[in-house]
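Feature annotations, courtesy of TrEMBL:
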- Thr189: active site, nucleophile (ACT_SITE)
- Arg217, Val218, Gly219, Asp220, Thr240, Gly241, Asp242, Gly243: substrate binding site (BINDING)
Amino acid sequence: PAGAASAAALPVVINTWAFRTAAETAWRVLESGGSELDAVERGCGQCEIDQCDGSVGYGGSPDESGETTLDAMIMDGNTMEVGAVADLRHVKNAIGVARKVIEYTKHTLLVGESASLFAVRMGFPYEDLTTQKSVSLYSEWLNQSCQPNYWKNVVPDSSKSCGPYKRREEVTYREEQTSSQRNVHNHDTIGMVVIGVSGTVASGTSTNGAIHKLPGRVGDSPIAGAGSYADSTAGGAAATGDGDIMMRFLPSYQAVEYMRMGTDPTVACQKVISRIQKYAPMFFGAIICANTTGSYGAACNKIPGFTQFHFMVSSPLLSRPTEQVVDCI
């Protein structure tokens, strides 16, 4: 089983889900002498091209207005620099733009149409992210009275109609819906951690976010410490799942801090999941962790329909990038 005292070797590439071409691309970059940041950028960028599961890249997860927008981040564990974009429109290579935020600005996070204008100045093409697939997903949703959606405490009743909504005068505070609207078929992120031969750590994420989200919504993916985190003195981690819940707990930062204290990567991942469970027992989510010796692990929250988490590992101990599985807790 994954992470059960996983033998350690460097370099290592680990990424969420069974996104094999992303893993292969990142590994090839390392083999050809590219940097850890290059491997993360190209690996996650491969998923943007492949439209992995429809939840990464263009043409997937249309928002309430039918538009696909992208979130991404990349982190350098040597310098602790982060580049991130959120609510990026009309530009396909989100993690590429995030890398340019590190290289050409003193900022960390750019958002919305302004992030798109920055991307164009950096040489990225401005293009339509809509596809036949995203148009049909959007029209199906409209035909189903806009179900499911992310509104609450509004009139008319958001569980029965498309609105337009107004706020209800009386706000009712109740437990979040029993189960996440996101599930194993709506992964919503690639997260990747790369640790080089010398123990240098880089991490990154790319996603088109939650399907039918409110325009302007940003999840955990582009937030440092939530979507991913890299620190070359300890290790790296990346999360996937219900970002609206997970980002409140900075799971990637927390996991790296556990590993800094000497906690085994698998246990570090499990501890992070357990912490979120206390507040949101039915959340959909998983996390991958790797330390600077090349030990790695993963953990996920067990809910109906999601009892195992698949992820990819590339290391000198494996003849090729290999899919691994962990049972959820």
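The backbone N, Cα and C atoms fix where each Cβ goes, and this holds for glycine too.
Unlike curated records, TrEMBL annotations are generated automatically.
A simple Cβ count within 10 Å picks out one of the recorded positions Thr189, Thr240 as the most packed, and that one is Thr189. Asp220 (substrate binding site) and Thr189 (active site, nucleophile) have their C-alpha atoms 10 Å apart, to the nearest angstrom. Residue annotation for substrate gives Arg217, Val218, Gly219, Asp220, Thr240, Gly241, Asp242, Gly243. The furthest Cα pair among them is separated by 16 Å. Comparing the binding-site residues Arg217, Val218, Gly219, Gly241 by how many other C-beta atoms lie within 10 angstroms of each C-beta, the top residue is Gly241. Gly241 (substrate binding site) sits 7 Å from Thr189 (active site, nucleophile), counting Cα to Cα. Comparing local CB density within 10 A for the binding-site residues Asp220, Asp242, the maximum falls on Asp220. Residue pair Arg217 (substrate binding site) / the residue listed as 'active site, nucleophile' shows a Cα separation of 15 Å. Comparing the residue listed as 'active site, nucleophile' with Gly219 (substrate binding site), their Cα atoms are 10 Å apart once rounded.
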